[in-house]
Amino acid sequence: MSSLPLAVARRRHRRGVRHTLDVRVSPYAYVAPFLLLFCAFGLFPLAYTAWVSLHDWTLLSDEHAFVGAANYATLLADGYFWNAVFNTLSIGVLSTAPQLVLAIWLAHLLNRPLRFQTLFRVSLLLPNVTSVVAVVVIFSQLFGRDFGLINWVLSWFGAGAVDWAAGTATSHVALSTMIMWRWTGYNALIFLAAMQAVPRELYEAATLDGASGFTQLRRITLPMIRPTIVFVVVVSTIGAMQIIAEPLLFSASTGAGGVGASGGPDRQYQTLALFVYEQGFTKFDFGYAAAASWLMFVAVVLVAGINYLITRRMRGGLA
Amino acid sequence: MPPRLHRVAVPLLTACLLTLATACGGGGGDTAGTAAKPGEKIKLTVGLFGDFGFKPLYEEYRKTHPNIEITENVTQFNDHHNNLVKRLATNAGADDIEAVEVGYISTFTAQPAKFYDLKQYGLDKRQGEYLDWKWQQGLSKQGGQLLGLGTDVGGLAMCYRKDLFAKAGLPTDRTEVAALWPTWEKYIETGRKFAAAGVAGAKFVDSPGEIFRAMVNQAPTGLYDDQDQIIVGSNPAVKQAWDLSNQLTSEKLTAKLAAFTPPWNTGFAKGSFATIICPAWMTGFIQEQAKDAAGKWDIATVPGGSGNSGGSHLMIPRQSKHPKEAAELIDFLTSKENQAKVFKEEGTFPSIPALYDDPSIQSFTKPFFGDAPIGKIYSAAAKALKPQHLGPKEAEVRVAIGNGLGRVEQGKQTPDQAWAQVLEDVKKIK
């Protein structure tokens, strides 16, 4: 007769084990797909790139000699690498700073009862859904030296033809314009979403007190959406560190240095990512390119880290 | 093995091997080379850069080979060759037949393990037909294997705009024009005259880049010596070409339009330059780009004697599943008759010397170029050709020099500064 309670106990015990298993293991099972994908496409390439960067590794040969940190040493002494760092920062600042100001202004304009609201919002996003190739091809024509629209307009004011792609500053301006064209509207929408969460009463009270639109933007809107601003700043800086398509296509579609991926004959607009591409995929020096991409990764982490510190500070200030 | 087991085991084993091979990312299992059963549909892909004029030939080929289906993949010049390197390295994605330009041919013939030896398919029978140096370029470095069969050669000539020459008060007849520039110095002198006449909106030449390439190609040795050492810094012919090219820039004779870029195409349509270096294949380009300019372009001989610029080979990567059929197609596409056909359509000049005296080539003229006897001009150029040894990183060296010329053209450096940087850049090329 004693077998019945035993069976019950066993069953209960089994259920208990199953329950603990469920509680302990299931969460891991649920996140496993992400982790697996992350390992395969995030972690593994990262580690493998580090491994490759320690070798004399070219695509053209099957032998890869271990060279230690030699690639990094060469890289840190390579003027072209530092030139790319400078260009990346320059284009990054030139494109991000005006872009954010413009985006906030656009969002502010749209953050009021308007007719055809959806139409305006959709049209903000349109440049972002356009393919980057189309954008660069069109803008390269606008910035053309001989038959470009911009030079034509400038000529009304007696300005000579500007060779946009040739100069360092001018090419950076041209590239920043393309980046701004694509991302301003997108960022404006994010700002707009944040602005709509700001309580209406604040504006009503301010209006009663006689505050102008600009004062309201400065004193109410901006402080209230500060976390969003920081988020957008961080995301834009990370994006700016990785610019490659614009300069690559710009050099192919303007006459200036259509050869290779050097970003102009004087490397005047070669960004870090383009430098990596040039070393890896036109010179096939994978070891060197891997070392460069690791340093680029470090740079992105640094910039993101600095921004994280600012974020914490600003949140503290708001709370 | 009992038949039933065999039927199951073989596909299973193949599947396992294939999965393994892909999983390892290029284990390099040589599963290809199996002969197709008769009547089976076979798809062949042909990877080209630009229009080779092969399309009508595919149609013709299909009539005699109904089971072969041919797809052509065309990418841009630089992308095409870079992609091919990547695809060979990852052992996936290459076409059954890949075109390789002469600037890259040594890069690929240095890797004989990545391509089929065409001798295996009996294509060494074609040796007698070819220009010897063109044939040699398709051999592996050690000489044992035949890796590529030549399509065309780029014998040099100079194309010029008759209407612009007339405006500048220069002769327009092609023999008189040729007499203007027996040497490159005389060519520059003609440019000076052209510039002095002040033809609105037109410069003498598109850009110094292709001119530089042509000048180097005319020398007995170019960027490499016979031992595959880069001799850019020590070869006086290279320095001379550099100086002459920069002279074009400093005398403001160039339209600053780099070849094969969109502004260059616009320049063609607008008539922004009066002369352009014209390897045979360039005639096809001009015809395509300057459709409205029919009858305005003409062709004269090139300054400084003959040389070769460009030209291609067709190769079969090891990845191809149908090397035998691909080899047959290459044999067809490069046959004597078809090279002649392609020349008449597309302008790319044959690499088979027997054709050069062929009456149909000798008498061939093109209305677009004012009925210029292009058959005669390019035959003469090809016959006078002195072959030059090309090294494995030819293309990369050319890019470094091209960027140097560009820096001078954009006014960023003096020719001497740019040359110093070119030598530094070239030194880094491994």
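Counting begins at 1 with the first residue displayed.
Every residue gets a Cβ built from N, Cα and C, even glycine.
Now, the feature entries from TrEMBL:
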- A:85-307: domain 'ABC transmembrane type-1' (DOMAIN)
- A:28-51: transmembrane segment (TRANSMEM)
- A:80-107: transmembrane segment (TRANSMEM)
- A:119-143: transmembrane segment (TRANSMEM)
- A:149-175: transmembrane segment (TRANSMEM)
- A:228-245: transmembrane segment (TRANSMEM)
- A:286-310: transmembrane segment (TRANSMEM)
For the transmembrane segment (A:228-245), out of A:119-143, A:149-175, A:286-310, most C-beta pairs under 8 A are with A:286-310
Hey, which bits of the same chain come close to the transmembrane segment (A:286-310), Cβ under 8 Å, at least six residues off its ends?
46, 49-50, 52-59, 64, 67, 71-72, 74-75, 81, 85, 230, 233-234, 237-238, 241-242, 272-273, 275-277, 279-280
Cβ under 8 Å to the transmembrane segment (A:80-107), counting only same-chain residues 6 or more beyond its ends: which ones?
124, 168, 172-173, 175-176, 179-180, 183-185, 187-192, 195, 217, 222, 229, 232-233, 236-237, 240-241, 243, 247, 263, 267-275, 292, 295, 299
